[in-house]
């Protein structure tokens, strides 16, 4: 049953790509959708058996690399972490397949499309169930390669070609970091297997190992973890590696939904959660993750406010929400990070599919300035976009509220306790400020999107109104179900994943994992409750001790007040009560507002172009040097090409001196005679 999941997904990839010429386009989509649906049912069964019943399962196969120092096996781990990811991946993939039957009905390459997204799902499932780093790297690489194929699906478009190349180049930096991290951790532990690494990494033994071996062991582990964080940053599009994420919008909208909601961008967060037992012991690594996550959340929100493309606004919202997941991992709230990842999959898939319905109806027009007044044409899209946006903002009591509220709770609690005890840690203050300001940005661009698309004056071409297609039931069904999950999914999962005394996380690889629980009405000392899995460096600063209940009460109500206040102010300022467009023009077109707009619309003063010129081009030139001097130079000179070149040169030399000319033969005779005389004289002297 556990391995049947892989066979079904591989079969859904094989049928369209190999047998597509004998079946119709529609049949190909239906067959792959049914196979993915059966894989989803199996995932539900595994979720209840492993996650709910707390029955950890590990499937082992024979070794595929077995040398003296390395034994790599095909191991599949089904624990609480993997099954919670598994059910979300197959669930979103099923709805994307179903939605694509109608969305891609006029595309002549449907077989290739369904084959690619099935293979994408297959590699992501392989990634989350891998029992060792080597096997996880296969899924990691597979997801990156198939994402290149999906982004470049419409390969006739130059922008699609550029975007896919940018995506794979940026991810290659992360892949290189992953390889170096894996090698470093292998040197430190002598294994790549997660179970063996976890069994070695007990707090007392590992710190006593550091004390006995000096700083070399700790520094080696630190280097490996930093490299792992870089790999996660590249795959999850954190600041510095974020450029590929909005450019991935060049692919079809169902692809964007699958990449952003449940697959590729969540792989980096999953890697941090899977290796959480390593990160918890290194406060410097945790602080770096915390800082990167908060800055990314701020960046994604600030840039998203000034975009005009529907899909790019949703893409930058993904960048911002991934920052919250990283931020949560940086404060050791790994269960909150996965909880927010699951809720994010619901409302992000909803937003993309709802946007795709509008784009599909508007002849693939994505600029919302050419839309407006669509509330009476697309009532279902209006409801779904409002639901998805409110959940994205963290509006009470939608799905996003429960997970984002807990993350904001935890960062605020740490900040307030630092301030109370006079402990000053710079990244806590910066992260606190950026994370809460990002909530403001999220509210602004979400409401801006809804107002411009549905309630503003129509300013597009009349031709669009004549071509409007409201979609069929096949497109509406996934949107309706995702709308319900975006409303109540977070509430239903809260007690299972983050409830008080939940045992969900005990049925897994990390049997000692203590879930994060925040309860404003409880007098329990939360700091002492968490001390068992936080690093000793944090404990030395006293950050998590003596947390009083009033701080939790304030932090529990602050996000609610913040969101409601922002929504009310924004609606009042933006609309003026009567949608007065002149007021907006007067504010927008003054000098300073224009400069601010250019700065953020240019992605922080053309941050992307600067990064590409300074870092990507340098990396590209560095690889060129390796190509010419190492690959084309040293390797080929001592390899088969070098041997053949040497033989050819010898043959050419003999061909030159063997042309039948008399003085050539005379020269050979003289040289031979000289050698005989020289050797004869040496023999006589002996």
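Note: Cβ is positioned from N, Cα and C throughout, glycine not excepted.
Remember, TrEMBL labels are computer predictions, not curated facts.
Features as listed in TrEMBL:
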DOMAIN    64-114  domain 'NADH-Ubiquinone oxidoreductase (complex I) chain 5 N-terminal'
DOMAIN    130-414  domain 'NADH:quinone oxidoreductase/Mrp antiporter transmembrane'
TRANSMEM  6-23  transmembrane segment
TRANSMEM  35-56  transmembrane segment
TRANSMEM  176-203  transmembrane segment
TRANSMEM  223-245  transmembrane segment
TRANSMEM  285-306  transmembrane segment
TRANSMEM  342-363  transmembrane segment
TRANSMEM  410-429  transmembrane segment
TRANSMEM  436-458  transmembrane segment
TRANSMEM  473-493  transmembrane segment
TRANSMEM  558-577  transmembrane segment
TRANSMEM  583-601  transmembrane segment
TRANSMEM  662-681  transmembrane segment
Chain residues outside the transmembrane segment (6-23) and at least six past its termini with a C-beta under 8 angstroms from it: 31-32, 35-36, 38-39, 42, 110-112, 114-115, 118-119, 121-122, 125-126
CB contact flag for the transmembrane segment (436-458) and the transmembrane segment (35-56), at least three pairs under 8 A: no
Averaged pLDDT score, the domain 'NADH-Ubiquinone oxidoreductase (complex I) chain 5 N-terminal' (64-114): 87
Residue distribution over DSSP helix, strand and coil in the domain 'NADH-Ubiquinone oxidoreductase (complex I) chain 5 N-terminal' (64-114): 29 helix, 11 strand, 11 coil
